[in-house]
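Enquirer: For reference, TrEMBL lists these features for the protein:
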- B:12-29: transmembrane segment (TRANSMEM)
- B:35-58: transmembrane segment (TRANSMEM)
- B:70-91: transmembrane segment (TRANSMEM)
- B:103-122: transmembrane segment (TRANSMEM)
- B:151-179: transmembrane segment (TRANSMEM)
Number of protein chains: 4
Amino acid sequence: MNKNRLEAFSDGVLAIVITIMVLELRVPAEPSWHALLSVFPTFLSYLLSFVYVGIYWNNHHHMIHLADRVNGGILWANLHLLFWISLFPFSTRWMDESGFAEVPVLAYGFNLLCAAIAYFVLQQSLIRHQGRQGALAQAIGRDWKGKTSPLIYLAGLGLCVLHPLLGVAAYTVVALIWLVPDRRVEHFVIRAHQDRLE
Amino acid sequence: MNKNRLEAFSDGVLAIVITIMVLELRVPAEPSWHALLSVFPTFLSYLLSFVYVGIYWNNHHHMIHLADRVNGGILWANLHLLFWISLFPFSTRWMDESGFAEVPVLAYGFNLLCAAIAYFVLQQSLIRHQGRQGALAQAIGRDWKGKTSPLIYLAGLGLCVLHPLLGVAAYTVVALIWLVPDRRVEHFVIRAHQDRLE
Amino acid sequence: MNKNRLEAFSDGVLAIVITIMVLELRVPAEPSWHALLSVFPTFLSYLLSFVYVGIYWNNHHHMIHLADRVNGGILWANLHLLFWISLFPFSTRWMDESGFAEVPVLAYGFNLLCAAIAYFVLQQSLIRHQGRQGALAQAIGRDWKGKTSPLIYLAGLGLCVLHPLLGVAAYTVVALIWLVPDRRVEHFVIRAHQDRLE
Amino acid sequence: MNKNRLEAFSDGVLAIVITIMVLELRVPAEPSWHALLSVFPTFLSYLLSFVYVGIYWNNHHHMIHLADRVNGGILWANLHLLFWISLFPFSTRWMDESGFAEVPVLAYGFNLLCAAIAYFVLQQSLIRHQGRQGALAQAIGRDWKGKTSPLIYLAGLGLCVLHPLLGVAAYTVVALIWLVPDRRVEHFVIRAHQDRLE
């Protein structure tokens, strides 16, 4: 079973998720700067979720690139990841509409945590299928980002009890960790590709 | 006529159907756990429909992979299947909003049944086009899942008269039957692919 | 400039148009057969528009398959076609909400007519680019369907003045003309493809 | 890292953005020509945004076609562009709903300006990655359109203070500049492609 359709379907779902969130953005009630400012928090949470989906797309792109082929279990592990990501618009919207109240911020963090776990499960399925000596296992290495993120999410969930915005800050930290390019992995990807061509 | 665009178009439609259902999820009215709990049935029916679309995508992926090429009739059989699947968000929403009342649960089951029949028709068109000795006909074999599912749907429609949730239970059973991987088919797919490469 | 991304983009737009129309379907107000029946006209107009988009996708698929490559003018002719098709959900919705009143039915027919003209313009651009001796010009031949459809649409617009449903009937006739497979073209497509492989 | 998924994902996002804008089109309140006329400004702003997304898709298509491969920075520069384009439905809607008031027209222009800058940044990233002697750097040449557009946008933002519609006129001028095909670039693209085949 080859991986083209898995890529195409995932691209489709991620493209839709990243785009429909903008449908949730309510237009300011009046044509004034003041009204625009009042939707600014909504705009920021849209930006955060956009960046999150972008990170997932980016990492998914790299990960599947290094995989050889897929089986039924991997297809479902991928759908499981897409399920949690598809809930981002819902949890983002609730967080917004509540004005960043505690419970919705916790729910948003829980959604992020579930997506991170689903990503890890997908990654492990791919590595198991390809073997420990495969390109993916070596590229990922010790995977400090993948292992640290859930811990920061958990810390964020805890911090919500003190103040919801502390939770949001923790979620933002995870996004920043992933945004900073990981030169090591990227070089590995390039090398793996060159080896394949030789 | 090659099958690439049929795959791309189907992936697009299925990706959209699976994603727009989340737009239907109404955000809880208050920022409380209690309010989140009250949307939980909605969440479950979203999950059920997500799993259904996932199953169709998965099986479609396998089926088209084994097909060689397509003709006009197959394109329309495929659109017919996509039509019924595209109604899932509509029938899921009605079922939710009614609080799982009898008529909407029957309508949802009827929608599932129509999709199952459309899938069967598409499968038969592909087999007719490829021939009884083709990879698809052999991979499918006696197709007990494809033949049992409509019967369980019909049973579910009957059970709705007793209690709508019995109907929902029957629909869930069909999803579970398909979720459990069918090793036999999968191995056949892998072998067929390897034969082609040799 | 190759045609892959034109196909991918068109598939994306058509897949979205065909799917978002279902978001317009209002759920019946009550959980009863009676309420379901009351949305039946809406359902039928959804079906008609679904079939129309399906026909466009089908024909687009065939036409681009026979084209060799594309230029900037063709990309815009294609976007022009997609523009009119992207208005189908809007004009379908208006027709529905008005209960098939005269003006919205005229607007729907006008939309169909514009899409048909845009399709013709795209077809001519492709033929001009490929040459009169190209596979596309020969496959299309005298193109009686393409030339008859606008006339039937015009007749439908006239019939709306008598009764809007006569207009809808005329539009349905065009859909049926295209639904019936045109064996001649299809055989030509298959032969052209085989020639290319030899 | 190859560029196929970047193309597929961008096509997906652009296809969705261009299509969901039609969901914003409110159906006329009454089934009359008068009511249809009253939504005509909305229709025109939909057309303008459709053309803008079409221009971006067209140019993106050309630009990526000339690029060889991509890296992590390019993926993010692309997501950055898609972010601003994904806000088009939002800013178009606000401009419409306000009846082309000053602040929303300024916000729309600002959105167009940000997208133009993001496009420029993406273009520079691609050129840096490919080298000054690459096909892309040569095809773009002095890039008078890319350099003039932001200036016209800025002029449009200034003109809004006099009258919002003057701003809209300026934005329309930019669209027209890009709509007129640039034969020089197109010929270059064709030649570059032919060289590659030889």
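Glycine residues also receive a Cβ, built from the backbone N, Cα and C atoms like all the rest.
Curation does not apply to TrEMBL; its annotations are automatic.
For the listed features, I'd like the structural context: burial, neighbours, distances.
Expert: Sequence-distant neighbours of the transmembrane segment (B:70-91) (same chain, 6+ residues past either end, Cβ-Cβ under 8 Å): 1-3, 6, 10, 13-14, 17, 20-21, 24, 49, 52-53, 56, 60, 104, 107-108, 111, 114-115, 118-119, 121-122, 125-126, 129.
For the transmembrane segment (B:103-122), the list of distant contacts is 52, 56, 59, 63, 74, 77-78, 80-81, 83-85, 87-88, 91-92, 94-95, 97, 146, 149-150, 153-154, 156-157, 160, 164-165, 167-168, 170-171, 174: same-chain residues at least six beyond its ends, Cβ to Cβ under 8 Å.
Under 8 Å from some Cβ of the transmembrane segment (B:151-179) lie the Cβ atoms of residues 48, 51-52, 55, 59, 100-102, 105-106, 108-110, 112-113, 116, 145, all in the same chain and six or more residues away from its ends.
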Enquirer: Determine which residues of the chain contact the transmembrane segment (B:12-29) at the Cβ level, with the cut-off under 8 Å and only residues 6 or more beyond its ends counted.
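Expert: Cβ under 8 Å, 6 or more out: 35-36, 38-39, 42-43, 46, 49-50, 53-54, 56-57, 60, 82, 85-86, 88-89, 92-93, 96.
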Enquirer: Sort out the residues at least 6 away from either end of the transmembrane segment (B:35-58), same chain, that have Cβ-Cβ distances under 8 Å to it, and list them.
Expert: 11, 14, 17-18, 21-22, 24-29, 81, 85, 88-89, 92, 95-96, 99-100, 112, 115, 119, 168, 171-172, 175, 178-179
